[in-house]
Amino acid sequence: MTATFPARPGWAQGGAATGANYTADASAPPWRSGSAERPLQPVNLLELEEAAARVIPAAGFDYIAGGAGDEWTLRENRAAFERRQIVQRVLTGKVVADTATEILGTPIALPTIVAPMGGQAIAHVSAEAGTARGAAAAGTLHTVSTVATLSLEDAARAADGPKWFQIYLTRDDGFNAELLQRARAAGYGAIVLTVDVPIVGNRERDRRNGFVYPPAAAPRNFLDAAGRLRPIERAFQPRLDADSIAFVRRHGGLPVVVKGIATAEDALLALDAGAAAIQVSNHGGRQLDGAPAAFTVLPEVAAAVQGRVPLILDGGIRRGADVFKALASGADVVALGRPVLYGLALGGWQGVQSVFQHLEDELRTVMQLAGAATVADIRRTRLYG
Ligand SMILES: Cc1cc2nc3c(=O)[nH]c(=O)nc-3n(C[C@H](O)[C@H](O)[C@H](O)COP(=O)(O)O)c2cc1C
Ligand SMILES: CC(C)CC(=O)C(=O)O
C-alpha cells in the first residue's frame, strides 16, 4: 500500500476553521511522523487511531474515539465482524473488475461512504471542507452533519462530489424546516434523518473531561441572526416517529435516509413512512451501551426490508474484509465514521482520501481471494459462522 498520511496542524494550533483553509493543506510540509523511536507508518486503519491520538488534543480525541457507558457496544461493533468468516474461492476464473457501485442513483467508486460526524474542526482546521474534498478525491459520497463546524452551505461549496445532509430534528419546527430548505438549496442529494439521538448517550469520557465543543468547532448551522450559538443538545427533539419522517420528506423535498435503525420493527415503520433508504446503525456505540453490534442486527433488518430500499450499515468498519462481510450480509453500502476523522487529523483532505484508498485496496484483495469480481458478486456471497 502506498497511501500516506502527511501531517497538518489540528484546531489547537490552527485557530478557527473556515472552508477556505483546506487549500493550504496541499502545500503544507510533510507529516512530522510521530517521533524518532516510533515513526508514523500506519499500514491499516486500526493503527490510525493511535497515530491520531498523538495529534488531536486529548479531550477532543476522547470525544471522537469514545462510546457510551462501558463501551461494550463500541467494542462489539468490531467483535461481531470477527465472528464471521469469508469463504475462500480461488478457482472461479474471476478477476476483480472494479469496486464501483451506486447508492440512491449516485455512482461511487467503492461501496463505502462518509458517515455524518459533527464538529470536525476538533480533528483538523479544514473541518468538513477537508472531508468533503477527500471524499470527492476518493470518488465517494460525503454526509454533512447538522452539527458540522462549517455551515451546510460552506461544506457544500468545498467540493463538487456527491453529498447528503444529515438532520437532527430540534424542538423548533420552524428551524427544522429552514435547515431542510437550506440543504435543498445548497444542492444536497438526500437528507439523512438520524433517529438514534432522542437524547445524547452517557459518554463517560466526555463527562470526565468536561468536554464541550471548543469555540473553533462551534456548529455554524446553529448560529442565530445575531451570530449567537443556539443551545444544541437540549434542543434535540426526543419524540420521534413516523410523523418525523413525513415532516422531513415534506419540507426537504429530497429522498430521506433514516439512520439509526437496529430492528425489523423500526425498519418497517420507517419504510411505511416513506424512507428511501435505511441506515442500520447504533451510532458507533455512542448511544445505547449494551445494544448489539450494527452488523449483528443487519440480517434481521435486511429480512424485514426485503430489498425494497437500499441498506447502509455503519459501525466498526475498519477493514476491507468488514466491508465484504457487511455486503455479503445484506448491506448495499457501508459508511465509515472515526477513521475518516483520524485521516483528516493526520493528513487533511489527503488523509481522508488515503483512508478510502486503504479500504479499497484491502477490499480488492479480499474480493480476489473470495472469487468476487464485482460488488454484485459480493452481495451473492455466503459467509461462514
Ligand atoms: C465524533 C463523532 C461525531 C458524530 N456525529 C454524528 C452526527 O452529527 N450525526 C450522526 O448522525 N451521527 C454522528 N456520529 C455517528 C456516525 O455517523 C456513525 O454512526 C458512527 O461513527 C459509525 O461508527 P464508526 O465510527 O465505528 O465507523 C458521530 C460519530 C463520531 C465518532
Ligand atoms: C451533538 C452530538 C450528539 C453529535 C453526535 O452525534 C455525536 O457526538 O455522536
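One is the number of the first residue shown, and numbering goes on along the chain from there.
Any Cβ shown, glycine's included, is placed from N, Cα and C.
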Q. Among 1-36, 73-108, where does TrEMBL put the label region 'Disordered'?
A. 1-36
Q. Out of Pro116, Gly118, Gly316, which of the binding-site residues has the smallest number of neighbouring Cβ atoms within 10 Å?
A. Gly118
Q | Spatial neighbours, same chain, of Arg286 (glyoxylate binding site) - Cβ under 8 Å, 6+ residues apart | A | Gly66, Gly67, Ala68, Leu74, Gly201, Arg203
Q | In sequence order, those binding-site residues of Gly118, Arg203, Arg286 whose CB lies under 6 Å from ligand 2 | A | Gly118, Arg286
Q) At the Cα level, what's the spacing in Å between Arg338 (FMN binding site) and His283 (glyoxylate binding site), rounded? A) 11
Q.
Most Cβ neighbours within 10 Å: which of the binding-site residues Arg203, Lys259, His283, Arg318, Arg338 is it?
A. Lys259
Q: Around ligand 1, within a Cβ distance of under 6 Å, which of the binding-site residues Gly118, Arg203, Arg318, Arg338 show up?
A: Gly118, Arg338
Q) If you measure C-alpha to C-alpha, which of Gly118, Gln166, Lys259, Asp314, Arg318 (binding-site residues) come within 10 angstroms of His283 (glyoxylate binding site)? A) Lys259, Asp314
